[in-house]
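A.B. asks: Residues or ranges marked as domain 'ABC transmembrane type-1' in TrEMBL: A:72-272. Positions annotated as transmembrane segment by TrEMBL: A:21-41, A:71-96, A:108-129, A:149-171, A:202-223, A:253-273.
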């Protein structure tokens, strides 16, 4: 058996690559293709049964009805905001972890960053619901300084999502900074650069591609999210909710598929832009 | 309303005549008067002729509170006795909206479903549920006659399930935060409501009917006669009202536990609800009360239906018989807060006034509730000079209302 495999390198290669290619081609890209094809079908509005006739009706509705544009822009806005907040919060943490903390503390911090990933998404989202609820931690803090709590809404959604995806931003930046030799920082100092200058001229060029890599996670995860906004988002809805409502409530699979192509297209555009920065190598 | 009930009773009469005339076949599509009430021909499916032994398991798709096995509250259990008697092991999946029920039934994974009027016809037309032979269900004989052969549970004289119970969507409020006690839906619809930002509403397109019902009472010049039959002008006015309501809403609910939690924390203090939610909230010491506002109420009339693709049909029939038995029907009705369908259930309730409170068997009262119905293009109020907005329009509008 083994020897026959040795004699037939092509068979060996086929066995090695077959399963992953099948997985990628059929289960993964096939599903995406099926999604896109479904978007071109129509459905019976009474029974919700899909009628396999080619039509662009779903896309027509998507582009002509204003509310979907509003929701798409809102979703992209939330995704950008979450990414921005994560980048700003993650940078100092990652910098401290990789360049300042002693090895023992560094290991502890790494575990602390990873720890929330072990807890269920729902538990974390409901924890934030409790904090934003009337009499919760966030609202009582706001009341203590005489402000009105934001309550459930877009603010709560952005905060919750930024919290949920923070580890996905910290880890790439941390990895990027790990690759930066300490000697470069020392050299920068020896040559008379002050800390801000070192950060701007030495650290940031290394960190920005890592940040962009992290932003792929935070941006795409936010783009597809519909659970957090249902839990803390009040009356707001994002693209994921429209997809969910059209699958679960309206039984309009073709339209749901049409809506689902928006994040795919946005993500493709984003990835194309990211490729130009060279951040793909930092992934 | 008068016209509708007259039409309905005429249809029932026609159905009875038709049923007597063609007692043998369920699949004949004769053009008698009943065809007009539903306006579609359901897929040709056979009902069961005889009952065999149970298959040992049953998958139930139910509204929360309809199939309790004691896991939520050890005292609330009418599934275990069924399992013991019949040997059918029950698994229960609950759903929050009728739309969810329809899409879950399409998976074919569930044997029986408790369908409200806005789901049942869609399930029949889609071929997801099959005709039910009521002769195989002894307890069917005790079901109130005014629940049998209705447009939402039968087609052309053929029953597609067993009536289970009916009730109303009530107005609930936190007694410590809302004073005086509201008597009108105005507190959740009026732009000047003092509870701005703490109102809750049901997250489903069918909630549009609640707003239409409010307009029916407050803006009579719109001429709404049935909240499920809205022409273009009436529909626009209703959607505008709901868009205005959105500014008042703290959040929409479809998960009943989420509503309980929102009332517990005080994020919501007033809004539409089911009796069972008020019961759960009261059980958790949340000070809430419910009422039937002056404008009237929407509500549900539910039917247990049998999946056409079910492999456990015998257990399904046994379940339908069990759930409308006086004991189980009384227990569900009391726990969920609705009128039972079985006339004998009233003698079995723990609270002897339950049936009086919920006006069980009171046909006149039951006709005052606007039961959930799927809006279709043919106006349900009998108008033929205009086209009404159908459910897919309602669904789209609901997304636009939420913005």
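From the backbone N, Cα and C atoms, a Cβ is placed for every residue, glycine too.
Describe the structural context of each listed feature in the structure shown, including burial, neighbouring residues and relevant distances.
C.D. replies: Tertiary neighbourhood of the transmembrane segment (A:21-41): same-chain residues 50-56, 58-59, 253-255, 257-258, 260-261, 264, selected by CB-CB distance under 8 Å and a gap of 6+ residues from either end.
Distant neighbours of the transmembrane segment (A:71-96): 109, 113, 154, 157-158, 161-162, 165-166, 168-170, 173-174, 176-177, 203, 207, 211, 214-215, 218-220, 222-223, 236-240, 242, 262-263, 266; these residues of the same chain sit at least 6 beyond its ends, with a Cβ under 8 Å from one of its Cβ atoms.
Away from its own ends, the transmembrane segment (A:149-171) comes close to residues 74, 78, 81-83, 85-87, 89-90, 93-94, 97, 113-114, 116-117, 121, 124-125, 128-129, 132-134, 138-139, 142-143, 211, 214-215, 217-218, 221-222, 225, 228-229, 231-236, 238 of its chain (Cβ-Cβ under 8 Å, at least six residues beyond either end).
Sequence-distant contacts of the transmembrane segment (A:202-223) (same chain, at least 6 residues past either end, Cβ-Cβ under 8 Å): 75-76, 78-80, 82-83, 86-87, 90-91, 94-95, 161-162, 164-165, 168-173, 175-177, 179-180, 184-185, 188, 193, 239, 263, 266-267, 270-271, 274, 277-283.
Taking Cβ pairs closer than 8 Å, the transmembrane segment (A:253-273) reaches residues 32, 35-36, 38-43, 50, 57-59, 61-62, 68, 72, 75-76, 216, 219-220, 223-224, 239, 242-244, 246-247 in its own chain, all 6 or more past its ends.
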A.B. asks: Let me spell it out: take the transmembrane segment (A:108-129), skip the flanking residues so only those 6+ beyond its ends count, and list any with a Cβ under 8 Å from a Cβ in it.
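C.D. replies: Result: 93, 96-97, 101, 152, 156, 159-160, 163-164, 166-167, 170-171, 174, 227-228, 231-232.
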